[in-house]
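Scroll down for the structure; my scribbles are underneath it.
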Amino acid sequence: MAIAKLSCGAIILSALLQFSSYQNYRVSLGNSGRPIWDCGSVCFVSRSQIDPWTTNPKSSVAKVDIVTGSGAIPILGSPQVEDMASKTPTSRQIQNPKSIALRHSQYPVYAIAFIPRSQILVSGGYDELTKDGREGTIKLWDLKNGQLLRTLKGHTDQVRAIAISPDGKILASGSDDKSIKLWNPNTGQLLRTLTGHSDWIAAVAISPDGKTLVSGSFDNTIKIWDLHSGQLRRTLTGHTDPVQSIAFTPDGTTLASASNDKTIKLWNLRTGQLQNTLTGHTNFVLSVVISPDGTTLASAGYDKTIKLWNLRSNKLENTLKGHADLVPGIAISPDGKILASIEGSWDNTVKLWDLHSGEFLGDLPAHKSNVVIKGESIAFSPQGNFLASGNNDGIIEIWQY
């Protein structure tokens, strides 16, 4: 048994919950059922630290609802806690986390990534304006203590995209200087610079087997590279506007690309052949991600929606609505159950959704400034215990679960 303490203004609810690190409860207040993701923080404390129930006398009913499971557990407006242990949550969901912030610079953070099997976060953007343009920078952060480990310099313009190899030994960065740089993240050594694109590089991705690097550019093309030799294998053409985001299926056989031409294209990575084009968005598509089991593709963009596609049938299964402005970035949790989305406005929230049902789970209070209009500025850590997003004022917001 553990104690979940949830606070929202004058209301402090302490209750014994049967849970493990793979379980979660959603809490609502009053008869409205309004989630309180944005009203405080959830922290697990020891049994000896349990607080008494305190609440405003005018408050009526609170309920705990198992997000994936069997309905609501009522907690009446009294110190009595109903039988919660009888309700068994199913799989792990995102808990209301504590938030910490790191400052990359005073300028936008365009890219966020995590190094596998570590607690290191990588951010990309730029540090200062120079007479020659913007000095692109990549920063590595130790999430155990929030310390900056190192800064990688070499790009002559802002860094828009970052990808990490599955073994964590190669970091790829794409920049407005039209180059891709490969780095050793452990030493900061620049390994290689790849050139060939004729415009900004908006997206980079590394295949699950760690052998292939793919880049997407404002020159409307996708380039496929040998990650270790740096040789260009082929160039994919088909999009008629900038390529904003790319993603691999887990088996590495298919590549998805999202573009300002309002489409998502699916490519055979081995042959370079176009397999399918997904249409349905009414404006630029800024972000595309694929679930860990390879069955669902999620896309988002300027039309304020998130679309969920079945990759077996290539059919649209659901459209998630709730954002008041464009959706520049989405991410799927490593367990494939939660989708996180950011809004490119002053909305100041990250929204959480159940990937399978499309249910809106709640808002995380986010940035004080508007979020970067960039699809790679939000990411889950490979272990699923961190969610991070970048911001226009240079702040990286990190939620820890």
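Even glycines carry a Cβ here, placed using N, Cα and C.
Database features, via TrEMBL:
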type   : residues : note
REPEAT : 152-193  : repeat 'WD'
REPEAT : 194-235  : repeat 'WD'
REPEAT : 236-277  : repeat 'WD'
REPEAT : 278-319  : repeat 'WD'
REPEAT : 320-363  : repeat 'WD'
REPEAT : 377-401  : repeat 'WD'
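Residue counts for the repeat 'WD' (278-319) under DSSP (helix as H, G, I; strand as E, B; rest coil) come to 0 helix, 25 strand, 17 coil. Secondary structure of the repeat 'WD' (236-277) per DSSP, as helix, strand and coil residue counts: 0 helix, 23 strand, 19 coil. With helix defined as DSSP H, G or I and strand as E or B, the repeat 'WD' (152-193) counts 0 helix, 22 strand, 20 coil. Per DSSP, the secondary structure of the repeat 'WD' (377-401) breaks down as 0 helix, 15 strand, 10 coil.
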